[in-house]
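Taken from TrEMBL as is:
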- A:71-283: domain 'ABC transmembrane type-1' (DOMAIN)
- A:12-39: transmembrane segment (TRANSMEM)
- A:77-96: transmembrane segment (TRANSMEM)
- A:116-137: transmembrane segment (TRANSMEM)
- A:157-179: transmembrane segment (TRANSMEM)
- A:209-226: transmembrane segment (TRANSMEM)
- A:262-282: transmembrane segment (TRANSMEM)
Amino acid sequence: MPTKAYKTYLSLLAFTAPALILYAIFLLVPTIGGMYYSFTDWNGLNRSYDFIGLGNFVEALTDDPDFVNSLWFTLKYVLFMIVLQNAIALVLAVFIESRKKSKGFFRTIFFMPNMISTIISAFMWTFVFTQVLPQIAEKTSMLFLDQSWIGDPKYSFVSILIVSLWNGVGYMMIIYLAALQGVPQSLKEAAIIDGANAFQTFRSVTMPMITHAITICFFLTLNGAFKVFEVVFGLTGGGPGRSTQVITMNIYEEAFSNNFRYGYASAKSVILFVIILIFTLVQITVMKRKEVEA
Amino acid sequence: MKMWTGVLTTVMAASLLAGCASNNTGNGNAANTGNAGGDSGSGEAKSVTLKMFVAQPRLKEHYDKYIAQFTAKEKAEKNIDVTVQIEMPPADNAAQILKTRLASNDAPDIFALHAINDIPSYYKAGYLEDLSDQPFVGKLLDSVKPAVTTTDGKVVALPLETLSWGYLYNKKMFADLSLTPPTTLTEMKAVVDKLNANNITPFLLSYKESWIPQLFLPLAAGALINTEDAEKDFITRMSNDEGSFSEMKSMFDVIDLVNANGTDKALEVGGDDGAAAFAAGKAAMWLQGPWYAETILKSNPDLDFGVAALPINDNANATMINLSASTSLAVSKTSKNKEVALDFLNYVLDDTDSNAFFQALKFNPIATVHTFDSYPWVNDATEYVKAGKSYQDPAIPQAVKDEVGKDLQSYYAGQMSQDEVFKALDKAWKSFNKVNK
């Protein structure tokens, strides 16, 4: 028997090998390399560099206000994204699921923005924010539309949220749709017979039954929102100044403009990695506990 | 199903191989054509493969043509078969690719780099060959040479693209109101008032990309360093962690004037939008260099614009043009074909062929061998240079330039005060010193 088990593993490995090898070469090895460089003061150019232990990490967390500010800004963004993205996606999914006709139509419409690459949608929206909205404001005298949408830090956060949501909601919606369709009709009918109204049915039957989808969607949003880059890059470039700079942008700036401090930027990336790891681990363990099986 | 997969795999493998094969032939052909010109020579020819790295894909045909001329010449004069492999990545990530090559000991024999931004760090890392005693050095114009000279007086690159800039102005608008480019800040205020009185917005503001507001710093600092005795050694003092940007407080006089008399929503307008707006006559002046000339003329071929020097105070002598160089060619210190590489660099400023090459590239004249007519806006700037009203782009570290762009954005948005800007700049320069000690 043990030989057979061994053979099963071997054939499993053989099947995953092409992907695994590519993954190892192009992702795993560079990641480990990056972690190694995070303990050095390499500048990306010199042949020699020094090993400086935890110096980079200490500097990032204690002596780099720009990094800490970008960290807070990212956290704020993550919080808004988790709540809004999931709430809107769930509402849309329930709405579409409740339609008798034209389900496919609405599903396609809402999913469509997700198929446009993020950076392109950011550029599209730049045009909308800078050209279209002011024009509409002028023509219709809806003056509140005529704001400095991407130039004023007060509004640019909203603009970033709008574009991220527009782009990301569709994907979450599809996951919720699939989950909603998996809720057994019999349970809902039983609830109705017991005298529950639509809201009660949703809260006590549907919600628990789709917790696994919520876990996945929270995970995806959390993970994605921490790593947000293109939207901000395309819309505001982190500006004006650094007022909308997210953490990935701060890392990018450190590594590829400023002083080319690759080692220091790697250390910041490792910090980001650890933060995401902790957040997702906590999120998954907490939410897994709440899942129920039908 | 299984059979289909098999067929599919075979097809894919075959197409992969075919792809490789066609690539090979492609390279082979290129090499052959490169050599074709030089076949006239006789005897045992030495063959050399020269690797080049120039991040200007838009100019590929001109380079190819010039390289073909070079290989022919090299064959005829020295009986060397030169095969040139030229690599032209897009400018955005060229620096990354080049750095990877250098760091992994795979340096191209000749590579292009940015004169002001890259030379100091590349030279310090020991990648650049000393070219001081090469014949081409003697041909460089005096106004260009300092940009490719290191602090210890060695010429390490050959400048290709040079810039002479201040701000752009709409000549027609100026002529209609019979204005001339002002020479002092007071005169500038009068010009601004007159433009305002005639309902013309004086300045086009395009601050979305931080490198545009950044332009204030080289202009203001360059002028102050070259006219105020107290600031003469500003760069040296800053490099030694002495001195502070607060000495340059007066630079905000002109920044405030420009910001107060500019177009709306500056932080939403990028460089290209700015060029279109300037071409459409939305404002009379734009703080920008002539490198946008092509874009401007594309959107309005009839626009008559010129380059003028930005006044920063009431000293008319401080109103000067900024001279700087960008793309430059350097030779790798580890090159195995140094002799041929140096031949090529000298050929770039060849007495007979260089003129046409630079004209085709649409670069400015940089050497005594260049006699072609340049563009009107280049001539505007040349007038200043001839009158001695120019200075070399001050060697402000790139990190500080990046910082000032962001800070001036924040300053415009009202999030930072002048003192905070100075503090941030001092800090950026200090951390640059720390990293590059």
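Please read every residue number as a count from 1 along the shown chain.
Positions of Cβ are set from backbone N, Cα and C atoms, glycine also.
Contact count against the transmembrane segment (A:157-179) (Cβ pairs under 8 Å) is highest for A:77-96, out of A:12-39, A:77-96, A:116-137, A:209-226, A:262-282. Relative to the transmembrane segment (A:12-39), the listed stretch A:262-282 leads the set A:116-137, A:209-226, A:262-282 in CB pairs under 8 A. With a cut-off of 8 Å between Cβ atoms, the residues of this chain six or more beyond the transmembrane segment (A:262-282) that come close are 34-35, 37-44, 49, 52, 56-57, 59-61, 67, 71, 219, 222-223, 226-227, 247-248, 250-252, 254-255.
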